[in-house]
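Feature annotation from TrEMBL assigns domain 'Major facilitator superfamily (MFS) profile' to 87-514. For 12-31, 139-159, 166-186, 192-212, 224-246, 252-271, 344-362, 374-394, the entry in TrEMBL reads transmembrane segment.
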Amino acid sequence: MKFEDLLLEIGGFGRFQVLILFSLCLLRIILPMHFLLHNFLAATPSHHCAIPHQEAFVNLTTEEVLLISIPREPDGTFKSCEMFSQPQFHLLLNSSLQPENYSSTQPCQHGWVYDHSQFTSTISTQWDLVCERRGLNQATATFFFIGVTLGAVIFGYLSDRFGRKAMLLLSLLCSAVFGMLSAASLSYSMLAVTRTLTGVALSGVSIIVLPLGMEWVDVEHRTFIGILISAFWSVGNMLLAMVAFLVRQWHWLLVAVTGPCLLSIVCLWWVPESARWLIANGKVKQAHRHLVRCARMNGRKDFTMNNFLSFHLSQALRQMATDKSPGKSYSYISLFRTPVLRKISLCSGAVWFGVAFSYYGMSLKLTGFGLNMYLSQFVFGIIEIPAKMIMYVLVNRVGRRQSQAWTLILTGVCIGANIIIPKPFSSLRSVVAILGKGFSEAAFTTVYLYTSELYPTVLRQNGMGYTSFMARLGGSLAPLVFLMDEVWRSLPEVTYCGVAVCCGSAAFLLPETLNARLPEGIEDVE
């Protein structure tokens, strides 16, 4: 008797599972509000060099002072990072004239003046993270994703060792503490450290929620659950756009997106530990208590202790036959010890890297598509909903492997197409970008579901931790790639395109898991 057979007896998808999923979906909303927060937290409004007051400027308007003090771009706008060494008064007579000595420009000497019409303050305006300090601005997102990368390894191991629920509660508590400390940051260094620690904490929520939900439902509803939980990421995506629109000051924006962590701790309190994990770790009595509770809530009152003992006995005999006693600890090294698991780990790691690298490459650039950044964020969130619905059909008809490979490859194709489409065709660029975002989200939706089905119960969280590590590595590098535009304007897009296509091709090497039982031990995979 396998665990899926036991689930059918107690109700594989009843009231008990619905309540669990409702609580877990609320947690999922929190993630994009932090993972994509960089778009608004570190937004850089238009700016120019600050011009110190001089007696010669007394009778000049602000526009005239700028005209004689700051050089212009070819499109007529003032340059953001340069000023004239000496005022060019002759430009007052005819602004179309060239400066007397155009080479006599210098970097901004007295700070910058920012346009506050869209943002009251961001970390860019707070600490002047512009021009030669622009890299520090992008690095803020990288620091966060480095934290998420480390957290994936830490929480992946700890949740397999100490349980899903305990680590989920710890993750939420730490997220709330470090998120509030980020909002109170007094320096850039403090912000960088606290955002990194917030990333570590939130990684636990990211990698535990989906496996915990799927370990409580039967095979028939597993795809639906994976898509449903994933859909709430899109809800959080849209909520972020609305919250950022209403809260334009970066300190309070951090408070607004961190507050829900405290509410989630309350909602999560009643959610039970995974019975699969309890059984795999020899905690029979606790598993029995949760299974009986599940049976009662689902109206299966004929569930008896005998059924449970029969199941546990068959599990014990099966473990003895393969010399794998319950409670044995596994590590990340176990993912690479056996040939099939090794192939799965290498290929799924590459897929996760490509999915995250291309997803955040698109999500962290909301300009250049003809829409304002709030509307772009909202539209990018909306397009993810139909993408997930389509994936619900595709993964059940076409299969996980083909769906995973082609959605990631098509993401790369859309990114590549926007390199070729001229900037004046803003409407066409917007359509292609939205399609690319849809494919990107479809790839992300599939990879969570697919990966949780590839690994056995005894290694599932280690597997999710490892693949999440690879994803966050991709997420960490994605913001820094934008800095490559100084080498060649289209180099970032070419990089995102190439990585997406190559990593998508690696998915063809993975096994198909459509309608397969979740593997319990390593021998099931091999």
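Including glycine, each Cβ sits where the backbone N, Cα and C put it.
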Stretch among 12-31, 192-212, 224-246 sharing the most Cβ pairs under 8 Å with the transmembrane segment (252-271): 12-31
Top Cβ-contact partner of the transmembrane segment (139-159) among 192-212, 344-362, 374-394 (pairs under 8 Å): 192-212
Interface-richest range of 12-31, 192-212, 374-394 toward the transmembrane segment (224-246), CB pairs under 8 Å: 374-394
Other parts of the chain folded back onto the transmembrane segment (12-31), taken as Cβ under 8 Å at six or more residues beyond its ends: 4, 168, 172, 175, 202, 205-206, 209-210, 212-213, 216-221, 225, 228-230, 232-233, 235-236, 239, 257, 260-261, 263-264, 267-268, 270-272, 293-294, 297-300
